[in-house]
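Participant: Here's the feature list from TrEMBL:
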TRANSMEM  24-45  transmembrane segment
TRANSMEM  52-72  transmembrane segment
TRANSMEM  179-198  transmembrane segment
TRANSMEM  205-226  transmembrane segment
TRANSMEM  246-270  transmembrane segment
Amino acid sequence: MTLWNGSFPFYPSTNVCFHFDTKWAIIISVFLSVLAIFIIILPGIRGRGRLFWFLRVVTGLFVGAVVLTIQFTRDWETGWVTANTSYKSFSRALVNADIGLHVGLAGVNVTLVGNPVHQVNETIDYNEHFSWSFDADYDHSYDKGLQKGLPSPILYVAEKFTTHSPCGVLRQYRISGHYASLTLWMAFCTWLISILLFSMPILLYGGYMLLLTAALMLFSLLFFVTARNTLKCPIQFGPVSLKTDYGGSFWLTLATGLLCLLLGLGVIVLNSVRPQELKLVFNLDEGKGEEEERWDKSYLSAEPSSSMQDVLMVPLGELCEVTSTQL
């Protein structure tokens, strides 16, 4: 069969290109631009507080970028398997390929990469996204994949998450993903408040906001773990099965949450035990208080003394009457 370059005519496309998520690029570009601006300002910071100021800027931007980026990542749970499997329906052709499953908070990605990439007169390099967000219908995305004629391994894995699948994992993943996303948006808001409090500076309440940010990030992990520990149907490809484990976004969220926890506790403890060292970290010069005290003393010394004020104060009755002459 040589028609359509050896592929079946009812498949409109023999390959699906990988689409880069532009949200990541926008978020990273914005935070890198802000960091570049602060680096330009850095030489204007005097004294040893320059290093502490730079560390605060880098840490704050890192936490904000992580909290915002992991909302859109698709590697909270990942798994790979290499298997010999059928490529398309109504065909006995077998291909050797790497099949990957990548679960995010708003959907799932299924990848198929051939070993080698060029087999059966085609380039086997697929990456398909199936969304389960509030404004998307997962079953509709799956039906579009059927109409498009996606390879059988991708459809087989995606079918495990449909509503009519006996696995019944879609509802659990969808609810846990929504709650995890909500808590992460709340964590982003508390991070903004902590940055505002530290810049005012209200250090103690800024530490409290960092603790709340850490708690929200850890709660988002807890919500996702509830879906991860549910009973799953096996995804079997002949003698091998596709098994998933926690991905990079999960561990990055855990590390960032623990970092916020340590920083918040450190600010609270230093504020009660070593407040002067904490002021040094936040570039709050001790000389400001001394300057204000010296200014107060100089202002008081410039005022007339009490004895002079008593001399200058004259009763109203003793004031000289001033007569005006009519012109």
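Note that Cβ sites are derived from N, Cα and C of the backbone, with glycine treated the same way.
Just so it is clear, the model here is predicted, and its values are computed rather than measured.
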Participant: Cβ under 8 Å, sequence separation of at least 6 from the ends of the transmembrane segment (205-226): give me the contacting residues as numbers and ranges.
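Facilitator: Distant contacts of the transmembrane segment (205-226): 63, 67, 76-77, 105, 172, 176-177, 179-181, 183-184, 186-187, 190-191, 193-195, 197-198, 250, 253-254, 256-261, 263-268, 271.
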Participant: Below 8 angstroms Cβ to Cβ, which residues of this chain, lying six or more residues outside the transmembrane segment (52-72), approach it?
Facilitator: 21, 23-24, 27-28, 31, 34-35, 38-39, 42, 45, 104-106, 181, 184-185, 187-188, 191-192, 195, 198, 213, 217, 249, 252-253, 256, 259-260, 263, 280-283
Participant: Given a Cβ distance threshold of under 8 angstroms, which distant residues of the chain, six or more beyond its ends, lie next to the transmembrane segment (24-45)?
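Facilitator: Answer is 53-54, 57-58, 61, 64-65, 68-69, 72-73, 283.
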Participant: With Cβ-Cβ distances below 8 Å as the criterion, list the same-chain residues six or more beyond the ends of the transmembrane segment (179-198) that contact it, or say none.
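Facilitator: That would be 56, 60, 63-64, 67-68, 70-71, 105-106, 205-207, 209-210, 212-213, 216-217, 219-221, 223-224, 253, 260, 282.
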